[in-house]
Amino acid sequence: MNNGMYLALDFPTWEMSKQFLEENNLHEVPVKVGMELFYREGMHVIEELKKRNHPIFLDLKLHDIPTTVMRAMKNLAHAEVDLVNVHAIGGSEMIKRAKEGLTCVNDKTKLIAVTILTSMDEMEMARDLRLPNNINDNVLHLSTLAKQSGADGVVCSVHEVRAIKEACSNEFLTVTPGIRLMNSKDDDQKRVATPAMAKELNSDYIVIGRSITMAEQPFDAYKQALEEWENGITK
Ligand code: C5P
């Protein structure tokens, strides 16, 4: 069962990830595998997680020339995970080819496009990327581009969900990282929100990592986050 809350398995190895999941009784919970773990373990980690019935978001954020992304997606599609992603900033042709690569192998995996990373604020976006306008405008523009190019949804912050749904349709998926429990640190995330806010603002999936993995009692933190996410109430 997919409860819509992907736990970010940001650990260096499968052994450490497995230990964390087992020690904290996090059986069959949805998980996100990112670059750190995948670059170390490759498809092996996906197979192990599938054996244990974890729904999987494979967060590799592809960004390359369209043909390379299409071929890479074709390979990743064999993993038959729920979600994979690309950077929307790679452009329309790249997103279209990513979708083509996926759908020629399976029609289950959803293609998600990253808009502006939730670790960025307006000042950094203007200074480093030299993108004009504000974050909301750029996120909306990239979401519309992603939708027109065949993506099934976007990664964005909770604060952008409403405008994206209005511009792209309610069915267009929003996957929101930058989730923090009230009492945890922001770390490097800038556009943060609680699981309850994500629920209230109509996010489809949330991604949560350090608020749980760095908590003194990870199982309790997981339970609290899930309760907030399912009921929309901050405890
Ligand atoms: O620990 P934390 O909850 O900040 O983890 C967020 C996870 O979501 C990290 O694995 C990060 O790579 C990922 N992510 C993100 N922003 C995006 C896409 C993915 O923070 N736009």
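We count from 1, first residue shown onward.
Using the three backbone atoms N, Cα and C, a Cβ is placed for every residue, glycine included.
Note that TrEMBL annotation is computational and uncurated.
Pulled from TrEMBL, these are the features on record:
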type	residues	note
ACT_SITE	D59	active site, for OMPdecase activity
ACT_SITE	K61	active site, for OMPdecase activity
ACT_SITE	K61	active site, proton donor
ACT_SITE	D64	active site, for OMPdecase activity
BINDING	D10, K32, 59-68, T118, R180, Q189, 209-210	substrate binding site
DOMAIN	4-225	domain 'Orotidine 5'-phosphate decarboxylase'
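Overlay of TrEMBL annotations on the structure.
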{"residue": "D10", "record": "substrate binding site", "Cβ contacts under 8 Å, 6 or more apart": "G34, E36, L37, G209, R210, T213"}
{"residue": "D59", "record": "active site, for OMPdecase activity", "Cβ contacts under 8 Å, 6 or more apart": "A8, K32, V33, G34, M35, L83, V84, N85, V207"}
{"residue": "L60", "record": "substrate binding site", "Cβ contacts under 8 Å, 6 or more apart": "G34, M35, F38, L76, V84, N85"}
{"residue": "K61", "record": "active site, for OMPdecase activity", "Cβ contacts under 8 Å, 6 or more apart": "M35, N85, V86, H87, V114"}
{"residue": "H63", "record": "substrate binding site", "Cβ contacts under 8 Å, 6 or more apart": "V69, V86, H87, I89, G90, M94"}
{"residue": "D64", "record": "active site, for OMPdecase activity", "Cβ contacts under 8 Å, 6 or more apart": "A72, G90, M94"}
{"residue": "P66", "record": "substrate binding site", "Cβ contacts under 8 Å, 6 or more apart": "G91, E93, M94, K96, R97, A98"}
{"residue": "T118", "record": "substrate binding site", "Cβ contacts under 8 Å, 6 or more apart": "V155, C156, S157, T176, P177, G178, Q189, K190, R191, V192"}
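When the recorded positions L60, K61, H63, D64, P66, T118 are checked against ligand 1, T118 have a Cβ within less than 6 Å of one of its atoms.
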